[in-house]
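Asks: One structure is given below, represented as C-alpha cells, and several questions about it will come after.
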Ligand SMILES: Nc1ncnc2c1ncn2[C@@H]1O[C@H](COP(=O)(O)OP(=O)(O)O)[C@@H](O)[C@H]1O
Ligand SMILES: CC(=O)N[C@@H](CCC(=O)OP(=O)(O)O)C(=O)O
C-alpha cells in the first residue's frame, strides 16, 4: 500500500456508494410508498434514521409517500380512557368513541412524523385520507363460522373502513412541488362518517392508486416467519391463503400480506415487509445487494 492508498474503512464506504449506483439509476423518478408501522416508531433514534432515509430517497430523485400506523399508541390511549378494544383478523373493532380516539392519536403521530422529516431537511406535509377527499372509505365486513357450523355469520366491526376511491391529485400536486406527503390512515364515508382504516390497507391502496414501483411495510419483525421462525424471503400471492389457513400468519400479519397481494396484483412491482427496528432498514433494502425482509411479487 503506498501513501495514496485509501484505508480499508474508506474503501468499504466507497464500495457501498458504488454498489448503490445501479439502484439509483433504476429508481430515479419512481414513486415508493413507505408504511411506517406503529410498532417501528417507539425509538426516537430510529424515527430520526427513518426520516433521514425518506429525505435521502427524495434527494436522489425518488418520490416517497409515507403512510403511517399507530396501533400501539391508539391502544395505550384507549386504555388510559378505559375504553375496551378488540381485534378481528388484525382489525380494531371501532365504535364511535374509538374512532374519535384513533383520529386524535393518528393526527398527533402524523404531525410528529412530518416534523421528523422536516428536521432531517425534507419538506413534509401531514394529511389524512379526509383531506382533499384523498380517500373515501366504505365499511369493511368480516364473516366468521362457529366451530362445527357451516353457517357464516357477519361480524360488525363498526367504523372500520377500506379505501373505496383514492383521488391522487393532491398527492401529485405535493410530489410535483417536492413535498413529501405523510398520510394518516383515516378515510371519509359518502355520508361524511369518519372511518378507521388499517394502515397497511391504506398504504396498499395508495401504492396502487399512484402506480408506485415499490411498497415497503416497516414493522417490528424481520419479515414473515414460518412455523420454525425462519424468514420467508420470497412469497407469491398464491402462497398467502395457505399460510393463513394453517395458522402460520395471524393478527397484524394478515392485513399486511393481504395488502401486499392487492398491491402487486394491481401493478406494484414488489411489496416488501421489513424490520423497522434495524437502523436505516429502508436504505439497506433499497440501495444494497443485501436485501432484507420478505419480498412479495406477482
Ligand atoms: N408468521 C408471522 N411472521 C411474522 N410476524 C407475524 C406472523 N404472524 C403474526 N405475526 C405478528 O404480526 C406482527 C406485525 O403486525 P402488526 O403488529 O400489525 O405490526 P405494525 O404495527 O408494524 O403494523 C408481528 O409483530 C407478529 O406478532
Ligand atoms: C382498523 C384498524 O385496525 N385500524 C388501525 C389503524 C392504525 C394502524 O393500522 O396502525 P399499525 O400499522 O401500527 O398497526 C388501528 O386502529 O389500530
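Cβ coordinates come from backbone N, Cα and C, glycine included.
What you see is a predicted model, and the numbers here were worked out from it, not measured in a lab.
As listed in TrEMBL for this protein:
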BINDING   70, 71, 92, 196  substrate binding site
DOMAIN    31-274  domain 'Aspartate/glutamate/uridylate kinase'
SITE      35  site 'Transition state stabilizer'
SITE      256  site 'Transition state stabilizer'
Asks: How long is the line from the C-alpha of residue 92 (substrate binding site) to the C-alpha of residue 256 (site 'Transition state stabilizer'), rounded to the nearest angstrom?
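Replies: On Cα coordinates alone, these residues lie 14 Å apart.
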Asks: Should any of the binding-site residues 70, 71, 196 have a Cα within 10 Å of the Cα of residue 35 (site 'Transition state stabilizer'), which are they?
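Replies: Taking 70, 71, 196 one by one, none has a Cα falling within 10 Å of residue 35 (site 'Transition state stabilizer').
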Asks: Near residue 196 (substrate binding site), which residues of its chain come within a Cβ-Cβ distance under 8 Å, counting only those 6 or more away in sequence?
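Replies: In sequence order, the residues whose Cβ lies under 8 Å from that of residue 196 (substrate binding site) (at least 6 apart) are 92, 94, 98, 99, 102, 103, 159, 160, 161, 185, 186.
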Asks: Tell me, how many other CB atoms lie within 10 A of the CB of residue 256 (site 'Transition state stabilizer'), whichever protein chain they belong to?
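Replies: There are 27 such Cβ atoms around residue 256 (site 'Transition state stabilizer').
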Asks: Measuring CB to CB from residue 71 (substrate binding site), give everything in the same chain under 8 Å that is also at least six residues away in sequence.
Replies: 37, 38, 39, 92, 199, 252
Asks: Give the sequence-ordered set of same-chain residues, not counting 70, 71, 92, 196, with Cβ within 8 Å of the centre of the Cβ atoms defining the substrate site.
Replies: 38, 69, 74, 75, 94, 102, 105, 106, 185, 198, 199
Asks: Looking only at C-alpha atoms, tell me how far residue 70 (substrate binding site) is from residue 256 (site 'Transition state stabilizer'), rounded to the nearest Å.
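Replies: So the Cα of residue 256 (site 'Transition state stabilizer') lies 14 Å away from that of residue 70 (substrate binding site).
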Asks: Where the criterion is a Cβ under 6 Å from an atom of ligand 2, which of the recorded positions 71, 196, 256 meet it?
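Replies: List returned for ligand 2: 71, 196.
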Asks: Check the recorded positions 35, 92 for other C-beta atoms within 10 angstroms of each C-beta and report the one with the most.
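Replies: Counting Cβ neighbours within 10 Å, the top one is 35.
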Asks: Tell me which recorded positions (35, 70, 92, 196) have a Cβ under 6 A from ligand 1; sequence order is fine.
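Replies: With ligand 1 as the reference and 6 Å as the Cβ limit, the list is empty: none.
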Asks: Grab the substrate binding residues from the record (70, 71, 92, 196) and give me their largest CA-CA distance in Å.
Replies: 12
Asks: Specify the secondary structure state of residue 256 (site 'Transition state stabilizer') as given by DSSP, simplified to three classes.
Replies: helix
